[in-house]
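Here is what Swiss-Prot records for this protein:
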type    : residues                       : note
DOMAIN  : 108-127                        : domain 'HhH'
BINDING : Cys187, Cys194, Cys197, Cys203 : [4Fe-4S] cluster binding site
Amino acid sequence: MNKKKRYEILSILSRNNPEPKIELFFSSDFELLLSVILSAQSTDFIVNKTTKILFKIANTPETIFLLGLERLKNYIKDIGLYNTKALNIIRTSFIILTKYNSIVPNNRIELESLPGVGRKTANIILNILFKKKTIAVDTHVFRVCNRTNFAKGKNVKIVEEKLIKVVPSIFKLNFHSWFILHGRYICTARKIKCNICLIFKLCEFKQKIF
């Protein structure tokens with residue numbers, strides 16, 4: 001895909017949704033961090049359903065840590081990999097409480113040092129909370145980038161590296177949100193909705209439905 005097409009696609013998505021919002025519910029930096037950790041291999045719907053109850057009981061590093069591992073597991077048991085996630089959350093809560101004075105760190109190195117926080121999670125936190133022009137590549141973003149030929153790659157790392165190079169700076173802040181929403185509701189894994197796609201004419205997917 002050429003530079004002009006990419007710019008047109010992003011312009012269309014920008015006009016349609018100037019201020020895209022993440023679909024995870026949160027009211028603090030720490031709540032978002034926990035929600036993103038929980039969202040790995042899960043859906044935002046399940047995470048929101050879970051945190052709606054959990055955050056009424058505990059929603060700070062101190063209260064989560066005091067809740068304890070077993071009680072936390074009970075609250076998040078409907079989420080995939082809940083045993084591992086519970087342990088990571090307890091450990092991360094303790095580190096943020098004791099090392100960072102209950103404040104979520106705002107740089108990649110410190111974020112990725114937290115249990116349960118990888119590059120994708122760090123990118124989301126940096127982007128949403130701290131307005132950094134990072135691009136998180138999840139399954140939706142990966143699929144849309146490859147399918148449309150916006151930025152092809154065999155893995156998320158390659159796609160992210162390409163996106164950093166080809167996405168104009170003015171669009172980088174919202175890129176992740178636009179593409180994840182497009183992948184979640186339009187360019188879905190199954191039953192692709194080409195008939196209502198805003199970027200249909202610019203898409204280079206050879207099997208798109210006319």
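Cβ from N, Cα, C; glycine included.
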(request) Specify the count of other C-beta atoms within 10 Å of the C-beta of Cys194 ([4Fe-4S] cluster binding site). (result) 15
(message) Just to be sure I understand, if DSSP states are collapsed into helix, strand and coil, how many residues of the domain 'HhH' (108-127) fall in each?
(response) 14 helix, 0 strand, 6 coil
(message) Given a 10 Å Cβ-Cβ cut-off, pick out the one of the binding-site residues Cys187, Cys197, Cys203 that has the most other Cβ atoms nearby.
(response) Cys187
(message) What is the set of residues, excluding Cys187, Cys194, Cys197, Cys203, whose C-beta falls within 8 angstroms of the centroid of the C-beta atoms at the [4Fe-4S] cluster site?
(response) Arg147, Thr148, Ile186, Ile192, Lys193, Ile199, Phe200, Phe205, Lys208
